[in-house]
Amino acid sequence: MSGPGGPGPGPGGGKLDINRAGVAELEGALSGIGRRRARGIVRKREELKGFNSLDDLLHVKGITTRILELNSQRMTCRRRPSSEEAARVSPGLQGDNKAPVPQAAAEEEDVSGPWEPERAGEGSPGSGPEANGSCGQEEQEPVSSTACGEQEEEEEEEEEEGSCCSEEGEDGSNVYFYYTIGERWIDYLQRTEDGGLLRHVRPKMKRKSENGLDGRALSPGKKLCKGSEYSRTLGPCMPSPTTTFGDLRNAKAGQARRRCIPSVAPPPELQDWLRTFQRWSGPEKLLALDELIDRCEPSQIKYMMQVIEPQFQRDFISLLPKELALYVLSFLEPRDLLRAAQTCRYWRVLAEDNLLWREKCREEGIEEPLNLRKRRLLSPGFMYSPWKFAFMRQHKIDMNWRSGELKAPKVLKGHDDHVITCLQFCGNRIVSGSDDNTLKVWSAVTGECVQTLVGHTGGVWSSQMRDSIVISGSTDRTLKVWNADTGECVHTLYGHTSTVRCMHLHGNRVVSGSRDATLRLWDIETGQCLHVLMGHVAAVRCVQYDGHKVVSGAYDYTVKVWDPESESCTHTLQGHTNRVYSLQFDGTHIVSGSLDTSIRVWDVESGNCLHTLMGHQSLTSGMELRDNILVSGNADSTVKIWDIKTGQCLQTLQGPSKHQSAVTCLQFSSKFVVTSSDDGTVKLWDLKTGEFVRNLVALESGGSGGVVWRIRASNTKLVCAVGSRNGTEETKLLVLDFDVDLK
């Protein structure tokens, strides 16, 4: 029900006339105009004896140009009447003040004629003089606003400040925000190039550090609307006219012209039909539309789709702030991210974000970006992300392993016809040990033998390497510390009384295990024996050392956990029924493989057996553990992948392409498993699926004596120690390169 200030019909075309509207109408119909500002408008209108134009609202406290622009399509300022007309129409508002009223300075564009007062009985109900009575008290409230206390105005000001705020868009356009409380959504309008307004709704996200344009906290002192009936909706805090589909089409008129209908005279009943439809409630409109669609022909439905679909085809990524857009893109797989980069220039800029690709690299285990000396320009304005380049390089390397052309390997010949018993590979340096009493140092790049380490008087059966330091154990009962760069023997470590069969290096200390049933802890810088660990009653076959605890497996069927500082055995792990040949230790779990065909998982603190992994049929000759994934190779020619936390066998690497003889060595990465065998082959498997990928090496003498004894792999290279037991294959090292050229 409109009061004396109601806009009524007139030249304003249904817009709210700020020279006649009351407090309730101003508050309800205009966005960002609360009760306090509405009172201020009425007060200022009386002070000025009426507004000359919409720009006069800027004299009202709290009214900004942005609020004015936001409501410019909802209100009008009809030309102020002369003083005589004003006195005749609304004497109650003029009071005793007889000061002359200045003439109107400007007219609204949509006002086509002089302003005329409405007569009693015309226009909307309640527009006559009697509206100044009791029914119009709400409208007269602003006139007597001095009755309102300062405290009430301050509370209203706080509430008002939280209802709306506006910011300048990144592209220079005006963006208007409305915050709601319950659902934490932002409803905002954005002014387009042609002057229209587009309405957007999206979740409001908290920002940790940077306060960007969108999704940021309100300024200090601002609060959200208190007790608003709109606080649980996805619309603005203040009531606003419903946005229709026609508004969306008109807003896009500057981007694409509206579809033209062939010249057909509109039916005479069209306007009545539309007015009837407009009067219906929302559910009634939906019911009518459903019935209407059922009565349409396919061509008419097709036309509706052509009109409707383009309005909802929104480039939401470009509309979001950069931070939110990158957050959305972070959920894409790298393959999809590369496809998204082909959409448009802005998407490509986002898809090149360095931090985005850093996270993708970390998911793949890539720890370092790839910085090229000459960074490649994608186009003027931006360059490749170093993290993306590192990811792409790793992807190409993986594809080379999986399906790239196998180039002829480098062949490193040495050790004559002797067996290569141990193999180390670090950086571009390869160290091979043999039962010919020597070790050889090779360049993985050139394939040349750069040093031959001579000094042992028995076969070399174990070795470890760190940087340029090499430690070797021999049947001559000694360990030797070598400088790989010079070939010099730095230390000879005496103490064991039998073959040094195994060792493990950690920092500057190495633990050695011997057939004399003892373990010794050495300082490789001084060459001193620090501790002797005695307790096994048979040869020590395998050892692990993490800098705090020593774990050993022996032919006495036991696994022991040692405190090397006190030289005490903290746990003896019993359960195997045959010799223990292999060990893995990650600081928490111990995994032991035995000739009894079982693999056992132990807790290092309690000494309890957590799982017994059954499935192999023979000796577990080699194992490798990373996180909770264990890969085991067995003399039964199979390889199994386990989860040590659950004890489940995830995959068995077998099938038509499986090894035909005992597995001699294995190594795995986040994607692949590489295995070698007595059958003279090196095979590549998919870690996740267990599927056979391809043969990386297949000796011509395979099956007739050719053997691959040891393998070591880096990210880009594979080193294989091959030979035979019957002279059918020459002893040598094969180096396969899977690296990519950086162009």
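Cβ from N, Cα, C; glycine included.
Record features (TrEMBL):
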- 73-169: region 'Disordered' (REGION)
- 134-147: compositional bias 'Polar residues' (COMPBIAS)
- 150-169: compositional bias 'Acidic residues' (COMPBIAS)
- 314-360: domain 'F-box' (DOMAIN)
- 427-452: repeat 'WD' (REPEAT)
- 453-492: repeat 'WD' (REPEAT)
- 493-532: repeat 'WD' (REPEAT)
- 533-572: repeat 'WD' (REPEAT)
- 573-612: repeat 'WD' (REPEAT)
- 613-652: repeat 'WD' (REPEAT)
- 656-695: repeat 'WD' (REPEAT)
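Counting same-chain residues at least six beyond the ends of the repeat 'WD' (493-532), those with a Cβ under 8 angstroms from any Cβ of the stretch are 458, 461-466, 469, 471, 473-475, 477-481, 538-547, 550, 552, 554, 556, 562, 564-565, 567. Long-range neighbours of the repeat 'WD' (613-652) within the same chain, counting only residues 6 or more positions beyond its ends whose Cβ lies under 8 Å from a Cβ of the stretch, are 581-586, 589, 591, 593-595, 597-601, 658-668, 673, 675, 677, 679, 685, 687, 689-690. According to DSSP, the repeat 'WD' (427-452) comprises 0 helix, 16 strand, 10 coil.
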